[in-house]
Amino acid sequence: MGMRPPARMPKLTRRSRVLIGVALAAVVLLLIGPRFIDTYVNWLWFGELGYRSVFTTVLLTRVVVFLVVSLLIGAIVFAGLALAYRTRPVFVPTAGPNDPIARYRTTVMARLRLFGFGVPAFIGILSGIVAQSYWVRIQLFLHGGEFGVTDPQFGLDLGFYAFDLPFYRLVLSYLFVATFLAFIANLLGHYLFGGIRLTGRNGALTRSARIQLVTLVGILILLKAFAYWLDRYELLSHTRGGKPFTGAGYTDINAVLPAKLILLAIAVICAVAVFSAIVLRDLRIPAIGVVLLLLSSLVVGAGWPLVVEQFSVKPNAAQKESEYISRSIAATRQAYGLTDEVVTYRDYPGNAPATAQQVAADRSTTSNIRVLDPNIVSPAFTQFQQGKNFYFFPEQLAMDRYRDADGNLRDYVVAARELNPDRLIDNQRDWINRHTVYTHGNGFIASPANTVRGIANDPNQNGGYPEFLASVVGANGAVVSPGPAPLDQPRIYFGPVIANTASDYAIVGENGTPREYDYENNVETRNYTYTGSGGVPIGNWLTRSLFAAKFAERNFLFSNVIGENSKILFNRDPADRVEAVAPWLTTDTTVYPAIVNKKIVWIVDGYTTLDNYPYSELTSLSSATADSNEVAVNRLALNKQVSYIRNSVKATVDAYDGTVTLYAQDETDPVLQAWMKVFPDTIKPKSEISPELQQHLRYPEDLFKVQRALLAKYHVDDPVTFFSTSDFWDVPLDPNPTASSFQPPYYIVAKDLAENNNSAAFQLTSAMNRFRRDFLAAYMSASSDPETYGKITVLTIPGQVNGPKLAFNAISTDTAVSQDLGVIGRDNQNRIRWGNLLTLPVGPGGLLYVAPVYASPGTSDAASTYPRLIRVAMFYNDQVGYGPTVRDALTDLFGAGADATATGPAPANLPDGQPAAQPPNGQQPAAQTPGNQAGRAPTPPPAAIPSGPSGPQQLSEAKAAALQEVQEAMSGLQDAQRSGNFAEYGEALQRLDDAMNRYSEAR
């Protein structure tokens, strides 16, 4: 019986082919069109920022990698198919008219080019798309250098592990995938074209099929042998369950490492055995070789190390692992910047008795005790400084420091008054208003962290609110800048609040009369036209069409508010802008505003990281940086594993024009040096950091939190003690009853621990508990001062000194404290909130805990229930101090005179936006006497501090009259501030300035 001819495929009509072609073109356009639009938009955006070289370098690298890998993988797969086709048998018997292989063969032969070129091309393109995402690894291989440090096992420079080994592993994985796909393609090709037949008793295999398949299997085994070679080096950075450190341990060095070499030799022997089938024509030999390799990997690769671990290491693990633990301790300290050159350990009693005079003598700490919690006072900022419904402050504010008129260092709670488009209402929300009228924020607000306005002895009194210094656009467009530093341009076009909305773009530029809302006076609303250099021009129809497509908004094409001078501001988040121009950086989760050279800039910390530093502990950024503040706002770091981190870059983003500037902070970092070769001229040297900017650089929070988590273990020098964990520390939990995670570190101005002198320094601090206990083990401080920046001081504390939880429990359960707060919060009239519990070294060797207490109306968290400071609680050596002010609490705790150098509250009638008037001739305002508290006798008022040998001075008649004018001017300024009239506010501010001048001139 003859074989039935195969059925022909039905032909499509011309109309059907056209429709299918149009549909495919539409699909391709929908898939690729947005990519081209985004690419061109990014081209314009990077060019406007001055970082187009970054865009082109990344794009070119991705394209080259895509093309190379696509062609390589596609060619290898094509070769497997082509060889199977070209060496196919001339005659292939069939199993009858219903032979499925024959039908498939006929279909493939009818569309040979489609299958022969289409399948390899598809696989190659997919491989290229995946491979181009590894452009970072490739660039580091091409530009990486040496660390100047060798690993303790193989003696190789660490640059090999950081830059070379990841690339070799990447190449190996792609060669393995390509060879395996070629094997599958060749196998299927031979089966389809008759080189392999499964019919009959034993089947059939042509010589060509045998040679090709055996060769590919042999290549796979050789690649596996090379993988065993690379595995040896990766042992130095791997983790294994049950091992208390990262890197190769006793079992790895004495069992796994030799096993890798044995398996390598077996793999080479097996590869030779497989290749022998080319000549010997016996497939049993390669089959035996493959089985031998599999069995060897189980017995030698897994069984032997398991036996060594169970019977040699575990019975005496501390001694067996001690050498390798020492390696891990040294490597982890080096990788995370915790070496002896950076970290200084000092013994500190922690519970030394202190007299009132000793506490008062510690002026650098007691005069700067922080009572404002930046995570609580944001609603108060909103209530007093918001101004308009569309201005907004973040939920958590920032800490920074400035010097006052006398040159004293003070810490401030700072915030930029940004625009929040989500708070626009009614007709403010239409496209024109949202994107062309309400375009920017206005103002930099700072509050001294160590004082408040007035005293709130009673919840109904007007006191306890922050003292605001508001630098804003005032009457007639003049900038009102009372401090903490002079500011010329308070308008804010770039910031995290502005960017935290969908479609955060603004259209600015000169196009007729000014359109952007700026301020109001008692007559009219005054508008503004953006004059900054930032923004992508959209004056021509091409760019307007481009952005209309990008944002799916037709108003770009039809609105007359866009003219030839118009520009668009977008991508306005400072951290996102830094990550875009430096895609190799990991940025800190917090950015903060600062006044630098009379401009508002956002400061962003950038990290270079590695995940394969030999013997260094592998750490999760998201876990190590999580604390109660981050959890409260759901702001966690990337879930990224690192074993090396450096704060290599400090970046600034101009809040007005969006300019991004990158500075090299750690010029010795080999990873940074590699990226500076990849992107030359994009990072400025450290020497170009201006002194003004240097004064506002903070030791970054995320780095500090990672370091304290590691220092909890890696402060231990002895490997046996390390293994036992007996001397480990813990990061304490936040004792605040509303918290649910670790206690965050706190920025404070206090005694300089880095220099160990009596000067004040801005530092980031954290207490450390004993392992799984609530007693203190250490106190950690990282300096942010320019002279000692990055120096970490650790005060090690012996004995049983109460930690944060025990201190807070003692405060909150104190009879006087609990009864007083119970009265304030009775019947849900006020919500009591505990502020951050600060730990401060004071006196000859003690630790003072300070917790501000806030009250707000009602029990909700709404912004309208703005909190104010109602009490200050302290704890020192099992004693509790309590009162309405820092001075009262110090006096209650240590006795009269302890408050002599503490900062008192500002006048209660202090107007918004103005600093507290200083008492004449250096006199300090006396603290008010606290009321008769339950369970505690009234505290006597402290004596006035003499300004000189003759004691406190009396005001002259002229001086007293001038002081009265100052108070009247302050009252007028407060009324103007409350009215919201910027014109009256400016006039009142001028009257206050004149009154202050007359006061200073009076005799």
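Any Cβ shown, glycine's included, is placed from N, Cα and C.
The annotation compositional bias 'Low complexity' is assigned in Swiss-Prot to 902-937.
The region 'Disordered' annotation in Swiss-Prot covers 902-979.
As annotated by Swiss-Prot, transmembrane segment applies to 18-38 (among others).
Residues or ranges marked as transmembrane segment in Swiss-Prot (evidence: sequence analysis): 63-83 (among others).
Sequence-distant neighbours of the transmembrane segment (114-134) (same chain, 6+ residues past either end, Cβ-Cβ under 8 Å): 61-63, 65-75, 77-78, 81-82, 85, 108, 170, 174, 177-178, 181, 185. Positions annotated as transmembrane segment by Swiss-Prot, on the basis of sequence analysis: 114-134 (among others).
The feature transmembrane segment is assigned by Swiss-Prot to 176-196 (among others), with sequence analysis given as support.
Through the fold, the transmembrane segment (211-231) approaches residues 80, 83-84, 87, 165, 168-169, 172, 175-176, 179-180, 182-183, 186-187, 190, 260-261, 263-264, 267-268, 270-271, 274-275, 277-278, 283, 286, 289-290, 293 of its own chain, all at least 6 residues removed from its boundaries and within a Cβ separation under 8 Å. Feature annotation from Swiss-Prot assigns transmembrane segment to 211-231 (among others); the stated evidence is sequence analysis.
Same-chain residues lying 6 or more positions outside the transmembrane segment (260-280) and placing a CB less than 8 Å from one of its CB atoms are 210-211, 214-215, 217-218, 221-222, 224-225, 228-229, 231-232, 235, 286, 288-290, 292-293, 296-297, 300-301. The annotation transmembrane segment is assigned in Swiss-Prot to 260-280 (among others) on the grounds of sequence analysis.
As annotated by Swiss-Prot, transmembrane segment applies to 288-308 (among others).
Sequence-distant contacts of the transmembrane segment (63-83), counting only residues of its own chain at least 6 positions beyond either end whose CB sits under 8 Å from a CB of the stretch, comprise 115-117, 119-121, 123-125, 127-129, 131-132, 134-135, 138, 174, 177-179, 181-186, 189, 208, 212, 216.
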